[in-house]
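A.B. asks: My structure is below; once you've seen it, I'll send some questions.
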Amino acid sequence: MKSAKGIENLAFVPSSPDILRRSSASPSQIEVSAFSSDPQRENSQPQELQKPQGPQKSMEPPLPSAPPNASEEQPRSLSLSEFEEGPCGWRNLHPQCLQRCNTPQGFLLHYCLLAVTQGMVVNGLVNISISTIEKRYEMKSSLTGLISSSYDISFCLLSLFVSFFGERGHKPRWLAFSAFMIGLGALVFSLPQFFSGEYQLGSLFEDTCITTRNSTSCTSSTSSLSNYLYVFILGQLLLGAGGTPLYTLGTAFLDDSVPTHKSSLYIGTGYAMSILGPAIGYVLGGQLLTMYIDVAMGESTDVTEDDPRWLGAWWIGFILSWIFAWSLIIPFSCFPKHLPGTAEIQAGKTSQAHQSNSNTDEKFGKSIKDFPAALKNLMKNGVFMCLVLSTSSEALISTGFATFLPKFIENQFGLTSSFAATLGGAVLIPGAALGQILGGVLVSKFKMTCKNTMKFALFTSGVALMLSFVFIYAKCENEPFAGVSESYNGTGELGNLVASCNTNCNCLRSYYYPVCGEDGVQYFSPCFAGCSDSVSHRKPKVYYNCSCIERKTEITSTAESFGSEAKAGKCETHCANLPIFLCIFFIVIMFTFMAGTPITVSILRCVNHSQRSLALGIQFTLLRLLGTIPGPIIFGITIDSTCILWDINDCGIKGACWIYNNIKMAHMLVTISVTCKVITIFFNGFAIFLYKPPLSATDVSFHNQNAVVTNVLAEQDLNKVGKEG
């Protein structure tokens, strides 16, 4: 058939009945179809319609239009031939049982499993293992910070190239490569455990007041264990290489495989699973840290988790992730380049790309020479750039709160670090996952166009902005702290932890172990409280004979102690705003992430179809450069500015902050949140203002697109017949 010229994949024809209708259509039908998919052909259309007129008047109307028919259909056929649909399997092996998975739902299932694995390793296991790695391999916090940022560095370096070259490639095989690299990265990250030898316990540190304790001297030494830093960095770089195809090519493949109005539902589900991954990582990693670090060597110890020398088995989670990630390589490798029905779905879609002076040639983007021009085209798309900047601003505060929300809860409400982290995770993870899913469901249910999707994201960001002032409501006054906000029974100076009651104890400021005295005052450690004795088998641990604590006369001694003058842990706070704060902040997180899926869908819609993967690559690159990388840094600097008591060692080097000004911290966090939210809303609103939909997609819903296109075709035919008559 001459009308089928250019169709390389014959198996494609039966799955797309629309092509059979187009092969015998009139010239005007073909030209209108091409115009609807290529807005730049608008200026050339009238000349093409007039070509058959003039010297060929005596011939029958269909005959002079035959050459334009073939020439006009060829580019479209070449484009559609790229949808190489096929069965699920390998080469000539296509088991019937695998064909049940050869659907968008089957691919989404495996995509979610890989997203969960990636999130579990990168944002769960790595984060919860950092403190253990610091102690085991004698690294500074600055070095472990470099380990954490290595993933983002790798992602930024590879994102643009992977998304550009992978757009024309076999996306499921790229995801098989992603699963391989994620598994390899997890394996490499765990290798130091097997080459560093057995963990050696140090001597037990006495936390009570001992007058004979030798004062420590300023010594700086380096350990060979710190050389494993490069192995951890290599593992993170490999994990970054694996995460790049997942969130660029995987998202584009989902968008290819489902109708427009269902795309947001699938993408939102996939992104929600990537958010649940860190939650699984924290839970799994927390449980594994209760096992001794050298459990694989058959070693056991009498040291308990309460001992500062305890180190947990941080590495087991990475081994499990390696095995699970590599188990997904085979399923992804068996998927075809395009799922069955993709060509028919693509033929039924209407372009909603923003109208800009960009190259829409079908051959554009197949060569490395086109890479700079492709970047330039996307950068000139004002709507796309505004949406990217909007998501970058949102990512800045999201990653900042993901890192420092537990610290805020711990200091504002006087909770332990572990319990504050549990509450923070209980708010952040479900709120973010629910927001992603709700955003995708609502966009899919109401079948929103590109512009309406952006308006929906603007609305959710506005609600989150109004609720961000919850931090002012949640602020709580600092509890009395000896040497910081309260004197030692009228002795000593504020800002100095040493007073006459503990001056002979030789206490260390590097050992922060807060205790609450019976006088309601919190002390830096039992040593600074002047406590000389303790009862360790009681929970919480109690201390007595404390020279710095003013004893109450009504206290009577027990058979076991001479009066429990202090107990381990912080004093109970009098601030009762925690439940309300958690509820409101949960809503803030939910509305914040409700805009995530709509913005991603809007980015996919406002750019040309052939540049969607590259657009996602640019989005994630800028999102990390402007959001996720500087976010924790900005939050950290801001929170450190509210510190009122620093850890200063014998060498005079400033370490971590022990005590913060709660009121100032709350005000600073509100300032950052409101500023970023305003930036997000500004760029989102500006994108709506700039967006110009193509003529074929203006005010056309998903229900009546076919009817409108049919009317246009008929009108063109009538005009042509009238002119020829």
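Even glycines carry a Cβ here, placed using N, Cα and C.
If you look up TrEMBL, you'll see 23-56 marked as compositional bias 'Polar residues'. Annotation comment: TrEMBL describes 495-550 as domain 'Kazal-like'. Residues annotated as region 'Disordered' in TrEMBL: 1-78. What TrEMBL lists as transmembrane segment is 108-130, 142-162, 174-195, 229-254, 266-293, 313-335, 383-405, 417-444, 456-474, 578-604, 668-691.
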A.B. asks: Looking only at residues six or more beyond either end of the transmembrane segment (456-474), which have a C-beta under 8 A from one in the stretch?
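C.D. replies: Contacts of the transmembrane segment (456-474) (Cβ under 8 Å, skipping residues fewer than 6 from its ends): 390, 394, 412, 439, 442-443, 448, 577-578, 580-581, 584-585, 587-588, 591-592, 594-595, 598-599, 602, 666-667, 669-670, 673-674, 677-678, 680-681, 684-685, 688.
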A.B. asks: Is the transmembrane segment (383-405) in contact with the transmembrane segment (174-195), using three or more Cβ pairs under 8 angstroms as the rule and ignoring pairs under 6 apart in sequence?
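C.D. replies: Result for the transmembrane segment (174-195) with the transmembrane segment (383-405) is no.
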A.B. asks: Please indicate, using numbers and ranges, the residues of the same chain that are 6 or more beyond the transmembrane segment (668-691) and have a C-beta under 8 Å from a C-beta there.
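C.D. replies: Cβ under 8 Å, 6 or more out: 354, 382-383, 386-387, 389-390, 393-394, 396-397, 400, 408, 450-451, 454-455, 457-458, 461-462, 464-465, 468-469, 471-472, 595, 599, 602, 606, 634-635, 638-639, 641-642.
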A.B. asks: Excluding the flanking five residues on each side, which residues at least 6 beyond the ends of the transmembrane segment (383-405) place their CB within less than 8 Å of a CB in that stretch?
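C.D. replies: Here the qualifying positions are 123, 354, 424, 427-428, 432, 454, 457, 461, 589, 592-593, 595-596, 599, 602-603, 606-607, 615, 618-619, 622-628, 630-632, 634-636, 639, 672-673, 676-677, 679-680, 683-684, 686-687, 690-691.
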A.B. asks: Same chain only, please: residues at least 6 beyond the ends of the transmembrane segment (313-335) with a C-beta under 8 Å from a C-beta of the stretch. Say none if there are none.
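C.D. replies: Here the qualifying positions are 88-90, 98, 101-102, 107, 110, 113-114, 117-118, 120-121, 125, 128-129, 132-133, 136, 172-173, 175-176, 178-180, 182-184, 186-187, 189-190, 193, 242, 281, 284-285, 288-289, 291-293, 295-296.
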A.B. asks: If you count every Cβ pair below 8 Å, which range out of 229-254, 266-293, 417-444, 578-604 shares the most with the transmembrane segment (142-162)?
C.D. replies: 229-254
A.B. asks: Ranking 108-130, 266-293, 417-444 by the number of C-beta pairs under 8 Å to the transmembrane segment (229-254), which range is first?
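C.D. replies: By the under-8 Å Cβ criterion, the transmembrane segment (229-254) pairs most with 108-130.
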A.B. asks: Looking only at the domain 'Kazal-like' (495-550), what is the model's average confidence as pLDDT?
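C.D. replies: In the predicted model, the domain 'Kazal-like' (495-550) has a mean pLDDT of 82.
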A.B. asks: With a Cβ cut-off under 8 Å, give me the same-chain residues at least six positions beyond the ends of the transmembrane segment (108-130) that come close to it.
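C.D. replies: Distant contacts of the transmembrane segment (108-130): 101, 144, 147-148, 151, 175, 178-179, 182, 185-186, 189, 236, 239, 242-243, 246, 250, 254, 266, 269-271, 273-282, 284-286, 289, 314-315, 317-318, 321, 324-325, 328, 331-332, 402.
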A.B. asks: Taking residues 6+ outside the transmembrane segment (417-444), which of them lie with a CB under 8 Å of any CB in it?
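C.D. replies: For the transmembrane segment (417-444), the far contacts come to 261-269, 271-273, 275-276, 278-279, 282, 398, 401-402, 405-407, 409-410, 453, 456-457, 460, 582, 585-598, 601.
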A.B. asks: Please spell out the DSSP helix, strand and coil residue counts for the domain 'Kazal-like' (495-550).
C.D. replies: 0 helix, 15 strand, 41 coil
